[in-house]
Structure formats: structure tokens, C-alpha cells
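Below: one structure, written as C-alpha cells.
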Amino acid sequence: MARIVVLFDFDRTIIDGDSDSWVVTEMGLTPLFDRLLSTLPWNSVMDRMMKELHSQGRTVEDIAMCLKRAPLDPQIISAINSAHALGCDLRVISDANQFFIETILEHHGLLGCFSQISTNPTLVDEEGRLSIQPYHDPRSSPHGCRLCHANMCKGLVFEHIRSRSSFENGKVRYIYLGDGNGDFCPTLKLGESDFVMPRKNYPLNARICSNPALVKAEVHEWSDGEELKKILLHLINTIFGEDNNKTGNP
Ligand SMILES: [Mg+2]
Ligand SMILES: [Zn+2]
């Protein structure tokens, strides 16, 4: 019997859009955001945006209210609840941030389905300002991966999860779902008995298609929530089915 670990990217995978861009657009920060992005990394610009909101007198609750309006497909909510109910270990690996992800997942009643969220950490200081820190600090602990942005290497996060995941009765099987360039690094680290589910017509899928020899995991594309749910639950049931055949159960 295998243990199944399902690893979800967050932006454009769990939620249909990008949580950072959602907050920037909805809270009227686009001109400043675009100006700063020409000189600073994305993650630092987002931290500056939070500072800007605070200086405008907008509270953490205002940001939370904005996040709660971000669209999340009901089929994805159902897929996550079903995978959790089937006994899979669900985790998020995301370059968004802790406050955005936890607020959205909690709002949809999904936070308890996830055993771990690996992302850029956030804190709210005594004045009520939200700040966003890098997951890996490029100054004190550079990750050294050439594929990834300085603040986060998802491949390294995956290796860390894998090194700590063991299962006494068999193998740990991984299913990775994502859309972006940052999801290519962990995809390359998946093994032959693992699965990757790239979103159709998004960068991860294009990179997998141009480098098929580098990817050992079985590839299953999806385009919307309905397809994500169908494929994910099919893979989970297939893995459990293979186990039953091996052990001779019906
Ligand atoms: Mg994404
Ligand atoms: Zn990397």
C-alpha cells in the first residue's frame, strides 16, 4: 500500500488567477507595482505593496477581504476535499505568501486539508503592517539553483519533503500539480512512479513538452477545475488499485 503525497502549486493551480496580481489590481496598486518591478524582484515589490497599503491606512482585514473575493473553482474545492478524504497527504508549495494562501484556503474551508504550506513567510508587526519575507534568504542561505528565483527553489522544497517522507508499508508516491516556470524544477526531481499534472497552455506544460527526456514522472495535462478533479481522483484511485492487485485484495 502506497502513501500518496499531493503537492499543489497555488496561483493558477488552486486559485484560477494569481493572488499577488489580484491584490495589486483590486487594491489599485498597478502603476506603482509596474514601476517598481523594473528594478526589484517580484517578492520584494509585493512586500513594498504591503507597506504602501499600510501607509494608505488600509488594514490587514482590508487585504483579507480582497483575497476572499479571489475566484476559486468549486470543482477544485471538491477535488481537494475528496483527495483529503481518500487519505492523501496534501501540501502546498507556492511562491505567493503565507498570509494570502492561508486566508484564501481558510475562507473556502480547505486549510485543514493541508498538512503543510511551504511559501514565503509573512508577519504582521505591532503597527499592523503585513510584511513578506523570502522563503530562502538570498543573502544568508542562497539555494544555488539556476532554474529558480533567488527567494524560492521549489525543487529544494520538494527534496526536503521527500527526505522526510517515509512509509513503513511501502513506497511514497508523489503527484505534483502546477502551471508555472517555477514548477519545472520540482518536476525534474519526480521519479518514474510519480505523476506531474501541468496546466494546459501554461509555461510548465510548454517546458515539459520541449524537454520530454528530462521528465521521469508520468505527465497528465488538465485545463480547468473539472478536468483537474477527474484526473487527480483517477490517479489516486489507480495507485490504490495497483496496491490492491499486488496484495491480492479485490
Ligand atoms: Mg502557479
Ligand atoms: Zn530550483
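Glycine too: its Cβ is placed from the backbone N, Cα and C atoms.
TrEMBL lists Asp9, Asp11 as binding Mg(2+), and of Asp137, Asp179, Asp194, Asp224 the one it places in that same site is Asp179. When the alpha carbons of Asp95 (substrate binding site) and Asp9 (active site, nucleophile) are compared, the span between them is 8 angstrom.
Proximity to ligand 1 at the level of Cβ atoms, with a cut-off under 6 angstroms, picks out Asp9, Asp179 from the recorded positions Asp9, Asp20, Asp95, Asp179. A gap of 8 Å separates the Cα atoms of Asp9 (active site, nucleophile) and Asp179 (Mg(2+) binding site). Taking only the Cα positions, the spacing between Asp11 (active site, proton donor) and Asp179 (Mg(2+) binding site) is 8 angstrom. Note: the Mg(2+) site is recorded as Asp9, Asp11, Asp179; in the same chain, Phe10, Arg12, Thr13, Ile14, Asp18, Ser94, Gly178, Gly180, Gly182, Asp183, Arg199, Tyr202 also have Cβ atoms within 8 Å of that site's Cβ centroid.
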